[in-house]
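Peer 1: Structure incoming, see below.
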């Protein structure tokens, strides 16, 4: 009886790919792509990037031994096929779910995940470090960095290549070019040059010629080597886009078709034979094999699932209409003000859609700047604009602003320049997990002199804070807000200026005081209702500002309260609670203090409900902590 299983069903580890023919590898790639489409349609996740590197993923595991050889996937959101082929296929349904596998490579999840990733442009640095350690220890494993999907716009990638060219370690950099950012030449000469540089005979002869001339220690040999090098470089510069990489010290190969399995396998086998740093330029199509994703790559970069696997049409979800997202409120408010104020500019680091700055881009493209994956440059670019009298608003995810802390301090705050930082995805972000949670911004910004730090509790406050930052504060301002929906409150058409450093009362009470910052106000109110049911009357204040802190309000409340609780969606170390503790200590207050926030740990991935429950930031857990604290029974 014929085996009815698919070829993918026979793959239990990468070792099973070694015996497959090119045609079988092509079949396997198609099966992987089909399974990925079905998987994302059910569960959601990063999508188009993995579709684009399906053939490359299969070819890499066919040629290399990833139990020994090291593949570092830049960013990591394109590694779903890699995970399927490395013993995790049966767990892919748990991808990005609480208790399931991560959506990114993790060294503790599989020996095939050589380096943990999640942020862009890190792969070449990691690969260079791994290779240098290998050489010091006398190893012979191969090291590969797969980078692309925008990551080549990050300066760290070029810093790493510059160093790698100097180190001369055996590292293969694979440039996954799915945006045609490095325009490939076309025509017969280009095809001939690609075949020529990948030819084994050519590369062997090239090595022998260079070695022979190296033994001829005379001026004639040096002149001959220089002439040959110039001839080869000139040919490559004329026929391929690789001259830049050659100048950094990496031998350039390609571009080749990233969906042609035969070309990929041949090229990778040739790369194995070259003992120096090299770059293989692979042209792919983001979203390959799923027409809706090919035609609209940005929208299909990631998806929440629930779409038809042929048409891509997403099923409409029943229930009430969604409330506005904080990102939408921010984007619309900024456009509203910028239409009346030509000094306002908008800056993003490759996240126009995620931050809703695409609204600004459409309305005022001449004042919109997408600097690429270059957060440090974005901040200093904003500083330059502010110095010249503009009002730059720099929208960056909290987790990515970490990469630009030096620029925030040195280029903005030190000069007291009026840059507004719209810190998106502050707090927990859900399924993307620890590489993307915005858990530290209050902690790392709190110490910066002269920086005003605000956090809205709802959409209207976000509008008012943005207006206040642009028109009523002289100096740099940071506004942090979470991913997801606002509370659905009705928002005014006008803007109201907030008094810097002043909070507001949300609820009067006679028992413990809860001081909240940002969207934890809703949790505080719900916890307060639970405590009221137990006979504990709580007082709740929305502090609005971490810096300057409303010390007058704290002093007034602590004058009569015996117990104060701080509540924040930030690390418990160095954030809002720490600021309140510092003030109470300096003021010699006898009031007892309980700080509630994210633990001193990296929080896993999962739904927001699961993560709030795990971290003790859901209303029942907050109420229980306050009850035990107030009644004197906390551990």
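A Cβ is built for glycine as well, from the same backbone N, Cα and C atoms used for every other residue.
What Swiss-Prot lists as thiamine diphosphate binding site is 77, 118, 119, 120, 150, 151, 178, 290, 375, and the listing cites sequence analysis. Residues or ranges marked as Mg(2+) binding site in Swiss-Prot: 149, 178.
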Peer 1: Based on Cα distances to residue 149 (Mg(2+) binding site), point out the closest of the binding-site residues 119, 178, 375.
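Peer 2: Out of the listed candidates, the nearest Cα belongs to 178.
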Peer 1: Around residue 375 (thiamine diphosphate binding site), how many other C-beta atoms are within 10 angstroms of its C-beta?
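Peer 2: Within a 10 Å radius of the Cβ of residue 375 (thiamine diphosphate binding site) lie 28 other Cβ atoms.
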Peer 1: Just checking, which of 77, 119 (binding-site residues) has the fewest C-beta atoms within 10 Å of its C-beta?
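Peer 2: Counting other Cβ atoms within 10 Å of each of the binding-site residues 77, 119, the minimum falls on 119.
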Peer 1: Which residues of the same chain, at least 6 positions away in sequence, have a Cβ lying under 8 Å from the Cβ of residue 178 (thiamine diphosphate binding site)?
Peer 2: 49, 52, 148, 149, 283, 284, 285, 286, 297
Peer 1: What count of other C-beta atoms do you get within 10 angstroms of the C-beta of residue 150 (thiamine diphosphate binding site), across all chains shown?
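Peer 2: Neighbour count, Cβ to Cβ under the 10 Å cut-off: 20.
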Peer 1: Starting from the Cβ of residue 149 (Mg(2+) binding site), draw a 10 Å sphere and report how many other Cβ atoms land inside it.
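Peer 2: Within a 10 Å radius of the Cβ of residue 149 (Mg(2+) binding site) lie 25 other Cβ atoms.
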